[in-house]
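A quick write-up on the structure given underneath.
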Amino acid sequence: MNLIFSRLLAYFYFGFQVILQFYIDPCHLHPQPCHILAQIGNTVRLGALLPTRQTARVQAALNRALAGLAQTGDNFLPFNLSLEVVPQEPAKGDPESLFRCVCQAIVVQGVSAVLAFPQTQEEIVQVEFMASFLEIPFISIIEHGEPLKTQNRFHLQMVTRIPPSGLSELLLAVLQRSGWQEGMAVLHLGCGATRWQLRALLNLTRAGPAESQIQDFLSEHFRGQGPSQIPPPAAVLLFGGDPECAAAVLRSAQDLGLTLPTVHWVLGYPLSPDALHSIGLPLGLLAYGEVERKPLDFYIRDALQLVGRAVSAATVVRPDLALIQNMVNCYDKPNKHEVPSSGQYLARFLSNTSFSGLTGPVSVQRNLSRVLTSQRFHIWSLQRDVVGQPTWVTVGSWEGGRLEVEDQGLWQGPVAGSRVRVVTLVEHPFVFTREVDEDGNCPAGQYCLDAGTNSSDMLERYFSERATGNSTFLPTDYGKCCYGYCIDLLEKMSEDMRFEYDLYIVGDGKYGASKSGRWTGLVGDLLNGVADMAVTSFSINSVRSRVIDFTSPFFSTSLGILVRSKDTAAPIGAFMWPLHWSMWVGIFVALHITALFLTLYEWKSPFGMTPHGRNRLRVFSYSSALNLCYAILFGRTVSSKTPKCWTGRFLMNLWAIFCLLVLSSYTANLAAVMVGEKTFEELSGIHDAKLHHPSHGFRFGTVRESSAEEYMKKSFPEMHEYMRRYNEPTTPDGVSTLKVDPPQLDAFIMDKALLDYEVSIDADCKLLTVGKPFAIEGYGIGLPQNSPLTNNVSEFISRYKSDGYMDMLHDKWYKVVPCGKRVFAVTETLQMGIRHFSGLFVLLCVGVATSLLTLAGEHAFYHIVLPHIRRRQKYKYWLHTSQKIHRALNQTYEDVKKKQGANTEKR
């Protein structure tokens, strides 16, 4: 069998070799496409369209790039292919010469892609047109000008310097981070609350304007000395590429006192680090410039690497299309419906190639056909060094469209004179309101506008009229005085950060929720640019954090449940509450066992009170032991027989110690139990069955569009659906529904910080929070996304926490005598009435009735049971159990009298 199997394997092997020899080309057996490599001469060609101006400089950079690539020994091409660059220069710069050069000198060489170096915007457009027509990948390395915003996969644009549009994005980020909202600037992008306008223009392009002219200009437009009498701006954006001209303006501003904290200056055009040394005034000046600038040959090497990696990836799938170019004649293009274009095939791989090159991370932005490289800018601020000399300090960096602040303390935030619009919401103890005085002012607290609107124009008009002193325009009921925890915090921040603010109460009185794609309340005002900051008990949650920014939390809290306490009638068995029922059973079981052992010890001892001991007339029976144990337990001072033997006496004393400790514990717990019996807590916590399965009309709710409702909706959807009908618009409304008689709600769920305050000011002590806290959260200050105030405010909040200011605020607004009259309520509860001990009276009545039954039982036993036992002549010895029963069975009444008389005569 093994021999047959071996022969079959041999026949199969030789047959397979014959098929390979006859039907497969030997070149195809090799992992490299031999016939394709032979056709292209083991070379991949790239074209280089040199510019008509500065040709030598570009040619030198190209040569350095090729030399550097040769030194590394890796051109990123497959199969050890070599890279050949075909550089050509057009005769002239017109479109015809450019097209003729590309078609007659570059395309005919069978190039895979073309590197172009356009120097003007017109040349960029010409390359865009040629790439679209020829369908050959062009990579334009742009040193000057703005790249085209097109989606042409055949034309990729690589910029070596950040274009003007990028500079505007950088400048916008710097200005926003500096807290600009108004002032002298040259940009107006219409971004939310950013309102910039060109105030004035000083032409410094003419030769040498005298500094006196500059001072006259600044005095007119910045100090209100001209006919316009316009108040000076809080911030100025100064454009000018000449550092000398900029230094002249800044010196004049320094002489006129137009510096911080009055005016904040920002240089609008990037400068090199070397040029900054000629500018030494004023302090706080912001400037920016590019650092780590890469040379042109670095960008060329990254472009060559981009093409090499794309060709290598394309060769794995279709080596024929990746390596053999079927576009070699501009006037005889292949039919793309019959034969795929090599340029189209390679363009797909170019757009999906990314790597880390000499210029940083390199990738292709598809929607703009742009090769993304890295340009890094530093933002500098003019500060004083340790010896008091002006020096430039790096305060931030900008790269990849993102601004990163390196030193929060050195970057100036909103300067004096900047005005911030703040929205708040009344929530005790964080924000209170009261009426203004007769003059419309606030002797204590801050003036706030309660106009019931979220219209930015209306609020601007109201605040403007009040600033001008026109009090008749503003209705009297619109003005309020706001004070509280958050108002104190806002005053402290405005003082330390040196900004002013206009305060108003949110129009709809809500925190904010998304309804039909639009946000309401505080969140809506921040998103719509009505307010710049929201300061109140504003909970930080994930839903709000997606659309607005929050500072670090200034107050930590959680959700809680508020219920109303109830006075319940004391049950009959209230006096037994200090001890568990198992303890009561244990006490009485121990009592009877102790009495049993006392009896056994006494009867077994030679000195016991028994007939066998010392032939005593009185006998210590089990009844005597029970009487003694009950007397010790309850402290009954009656005559009782005591054991005579030492063992019995020792056990009796141990029982007395046991009873002493039990009675002490009972007495200590009795008052505490009776006081705690006054309130009855309805709920054990958020997981109580009454909340998850409400029945018998149990009602609970929270505040609409609050963080508590959002949590309930997300975590307990069924519970939220039930409670929606009972939700209230504000926290005071929800608390009021608990305090009315009869209560409209049985439980109210809200932030525990707010509920604790309501409990502390409840004069009747009818409110209390129940259950463990849940949904831990924090209060933060809300701001629009990417607000320049976020980092600064967070930093100051952290500072206030560390220096104890937040603890001081907490003590100020939460250190309230809890429950006002709680002392009297506790005193009243400790005066226990008859209702607390009604069970004892019932027990006494039951004892009297039981005694009557026992008396009847004694008569029945004496007249019925005893005669029956006497007749049977059995079970007549009862002395160990009861001396009375024993004598009744064994002696008549006359015998007892005779015995007593004999004892009397002996005495």
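Including glycine, each Cβ sits where the backbone N, Cα and C put it.
Feature annotations, reproduced from TrEMBL:
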DOMAIN    472-528  domain 'Ionotropic glutamate receptor L-glutamate and glycine-binding'
BINDING   Ser539, Arg544, Ser707, Asp751  L-glutamate binding site
TRANSMEM  581-603  transmembrane segment
TRANSMEM  615-634  transmembrane segment
TRANSMEM  654-675  transmembrane segment
SITE      Lys713  site 'Interaction with the cone snail toxin Con-ikot-ikot'
DISULFID  Cys765-Cys819  disulfide bond
TRANSMEM  840-862  transmembrane segment
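Features recorded in TrEMBL, as mapped to the structure shown.
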residue: Ser539; record: L-glutamate binding site; Cβ contacts under 8 Å, 6 or more apart: Tyr511, Thr557, Ser706, Ser707, Ala708, Asp751, Glu777, Gly778, Tyr779
residue: Arg544; record: L-glutamate binding site; Cβ contacts under 8 Å, 6 or more apart: Gly512, Val523, Phe550, Ser707, Gly782
residue: Lys713; record: site 'Interaction with the cone snail toxin Con-ikot-ikot'; Cβ contacts under 8 Å, 6 or more apart: His720
Where else in the chain does the transmembrane segment (581-603) make close Cβ contacts, counting only residues six or more beyond its ends and a cut-off under 8 Å?
-> 609-610, 612, 620-622, 624-626, 628-630, 633, 643-645, 647-648, 651-652, 655, 658, 662, 880
Find the average pLDDT over the domain 'Ionotropic glutamate receptor L-glutamate and glycine-binding' (472-528) in the predicted model and report it.
-> 86
Taking Ser539, Arg544, Ser707, Asp751 as the record's L-glutamate-binding set, what's the max Cα pairwise distance in Å, rounded to a whole number?
-> 17
Identify all same-chain residues not among Ser539, Arg544, Ser707, Asp751 whose C-beta atom falls within 8 angstroms of the centroid of the L-glutamate site's C-beta atoms; report them in sequence order.
-> Tyr511, Ser537, Phe538, Ile540, Asn541, Ser706, Ala708, Glu710, Glu777, Tyr779
Count of other CB atoms lying within 10 Å of the CB belonging to Ser707 (L-glutamate binding site) = 26
